[in-house]
Amino acid sequence: MNWTTNFELDDYNKSNETLIDNYVSYEVRPETYIVPILFFIIFVIGTLGNGTLIRIFVNHKNMRTVPNTYIFSLALGDLLVILTSVPFTSTVFTVESWPFGLLICKISESAKDVSVGVSVFTLTALSANRFFAIVNPLKKFNASGYRKRATAYTVVTIAIIWFLSILLATPAAMFSFLKEIQITKDRTIQVCYPFPEELGSWYPKTVVMTRFIAYYALPLFVIAFFYILMARHLVLSTHNLPGESGRQARARKKVAKMVSAFVFIFAVCFLPHHIYMLWFHNNPNFNRDYNAFWHALKIIGFSLCYINSCINPIALFCVSGTFRKYFYRHLFCCCKTSVSRSPSLSLKTPRRTGTFTTSVSRRSENKTLIYNGQNKFKHNASSEVTVTTFMNGTKCTDDIRCMN
């Protein structure tokens, strides 16, 4: 998306007769000092947060579930834009002329398109996954080999998402160039610009509208559709499905709320940018109508697009107890026992009935607490592991591993 363009300079380029009178030097603009500080914070939090999410997924096999695989893809896309774009685009409000050359211009512009495509398409796929998990959660347990098929399907879906995102980002990589703009009678600067002048005025208008539909309006419509059906199902369901524990139902609903939080964050972060871009490229009187409101919206939209890339790990830390424990473990080197399985645990399922059954053999020093359909084991009175065995023999050991 066209985040690196200095829109004010573009305004002047479209209206050369007011160029010298309207131009405001960078030294007197407050965003010259505020935006670089904000982007430094985004870079630090985004690198640590998304890097930790990726490390959790790679290092812990029990965390490689279907929804967590989508979250892994989100983290990869966010880390991509954090590393390849944030350090360079932060200079847009610091220095007047683009200092990094044509190659970095093309990489920076295309990387942002790849990242936003991965984010919104992954959220759409994750919303669909949560819908089917809540509407028909026992289908996978009743089908032989479902887990392997689900994993393969998820990997293929993510591969398609990345391919489509890279494909949609190709125009930015091909057409982005260093545009020369005269800001005074004797001074010319360069800006990184993704809309070649030889393609005419129709090209930026078409690209901006296409991005709004493909990256924002249509995916959010599909996501809203799934969540409306999901809400309708939850309202009409007065009890859990046969064979499903209350704990599982709560876990599925909790994950659905987590996904809805991701979607809400994405919608809020990108809305100001889309509003400004649509107004800027479709208003023939933009130069006359530009005022403090549009200036503020431009800066806010520019910043929120990048804030979205670092806020998902924070949201996940707040809503998921399991991820929170892993974050503490990897970032602060603590709470290791609270997220690890006991090596002495042995599970057997002697029979299949219409209800959940679990039989467990443990070492003599462990205490066993039995609740309806579930066994909770307390190891040395310090760590607790919950084990649920389904009628087909599938076993789950915590919320994250039971939720898909």
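From the backbone N, Cα and C atoms, a Cβ is placed for every residue, glycine too.
Features as listed in TrEMBL:
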- 49-316: domain 'G-protein coupled receptors family 1 profile' (DOMAIN)
- 33-58: transmembrane segment (TRANSMEM)
- 70-94: transmembrane segment (TRANSMEM)
- 114-138: transmembrane segment (TRANSMEM)
- 150-169: transmembrane segment (TRANSMEM)
- 213-235: transmembrane segment (TRANSMEM)
- 255-279: transmembrane segment (TRANSMEM)
- 299-319: transmembrane segment (TRANSMEM)
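With pairs at least 6 apart in sequence, the transmembrane segment (299-319) and the transmembrane segment (33-58) have 3 or more Cβ pairs within the 8 Å limit; the two touch. Beyond the ends of the transmembrane segment (150-169), by six or more residues, the same chain brings 66, 69-70, 73, 77, 110-111, 113-118, 121-122, 125, 129, 140, 214, 404 to within a C-beta distance below 8 angstroms of the stretch. Packing against the transmembrane segment (70-94) from elsewhere in the chain are residues 3-6, 26, 29, 31-32, 34-36, 39-40, 42-43, 46-47, 50-51, 53-54, 57, 100, 104, 107-108, 111-112, 114-119, 122-123, 125-126, 129, 154, 158, 161-162, 165, 262, 299, 302, 306, 308-310, 312-313, 316: each is 6 or more residues past its ends and has a CB under 8 Å from a CB in it.
Confidence for the domain 'G-protein coupled receptors family 1 profile' (49-316), expressed as mean pLDDT, is 85.
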